[in-house]
Amino acid sequence: MLPAAMKGLGLALLAVLLCSAPAHGLWCQDCTLTTNSSHCTPKQCQPSDTVCASVRITDPSSSRKDHSVNKMCASSCDFVKRHFFSDYLMGFINSGILKVDVDCYEKDLCNGVAGAGHSPWALAGGLLLSLGPALLWAGP
């Protein structure tokens, strides 16, 4: 059996992991005016950012359907929409020259390529939860 002090330490570590908030904020893909999403890079957002946004600007009149992609951290989806649907752009949107699509997500790297990344806290938590009982109740 493990000494009582080691069991106590194991329980304390488990409690800290389960009860603490992650030390990092949201992670989003980040790029500006690119035509290829693979040029976007992961970025750690500010604590005030709550969504990852993906904005696609398309020229519907183009036979090639030219488009540009903007991906970013944002405080809210409404903030992104206000920015991209500003008075300046609304003239182009209303006249059919541009089409703007805004999508927002609340999970890490959801505005990028599928499977782009996972939270290190999820990995640490899964590892500790799977090893925790073995450490606490292991025999000599």
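Using N, Cα and C of the backbone, Cβ positions are placed for all residues, glycine too.
Marked as signal peptide by Swiss-Prot: 1-25.
Mapped onto DSSP helix, strand and coil, the domain 'UPAR/Ly6' (26-91) counts 16 helix, 28 strand, 22 coil. Annotated domain 'UPAR/Ly6' per Swiss-Prot: 26-91, in sequence order.
For CYS28 (disulfide bond), the count of additional Cβ atoms within 10 Å of its Cβ stands at 28 [all protein chains shown]. Taken from Swiss-Prot, the feature disulfide bond applies to CYS28-CYS52 (among others).
The feature disulfide bond is assigned by Swiss-Prot to CYS31-CYS40 (among others), with similarity to another entry given as support. Around CYS31 (disulfide bond), a 10 Å sphere centred on its CB holds 20 further CB atoms from the protein chains shown.
The N-linked glycosylation site annotation in Swiss-Prot covers ASN36 and is backed by sequence analysis. Neighbour density for ASN36 (N-linked glycosylation site): within 10 A of its CB lie 9 other CB atoms from the protein chains shown.
Residues or ranges marked as disulfide bond by Swiss-Prot: CYS45-CYS73 (among others). The Cβ of CYS73 (disulfide bond) lies under 8 Å from the Cβ of LEU26, CYS28, ASP30, LYS43, CYS45, GLN46, ASP49, VAL51, CYS52, ALA53, each of these being in the same chain and 6 or more residues away along the sequence.
Marked as disulfide bond by Swiss-Prot: CYS77-CYS104 (among others). DSSP assigns CYS104 (disulfide bond) to a strand in the three-state reduction. There are 19 other Cβ atoms within 10 Å of the Cβ belonging to CYS104 (disulfide bond).
According to Swiss-Prot, the GPI-anchor amidated glycine annotation covers GLY115, on the basis of sequence analysis.
Local packing around the disulfide-bonded residues CYS45, CYS52, CYS77 was summarised as the count of other Cβ atoms within 10 Å of each Cβ; on this measure the leading residue is CYS52. Annotation for CYS40 (disulfide bond): spatial neighbours GLN29, ASP30, CYS31, THR34, VAL69, LYS71, GLY112, criterion Cβ-Cβ under 8 Å with sequence separation of six or more.
Model confidence over the domain 'UPAR/Ly6' (26-91) is summarised by a mean pLDDT of 87.
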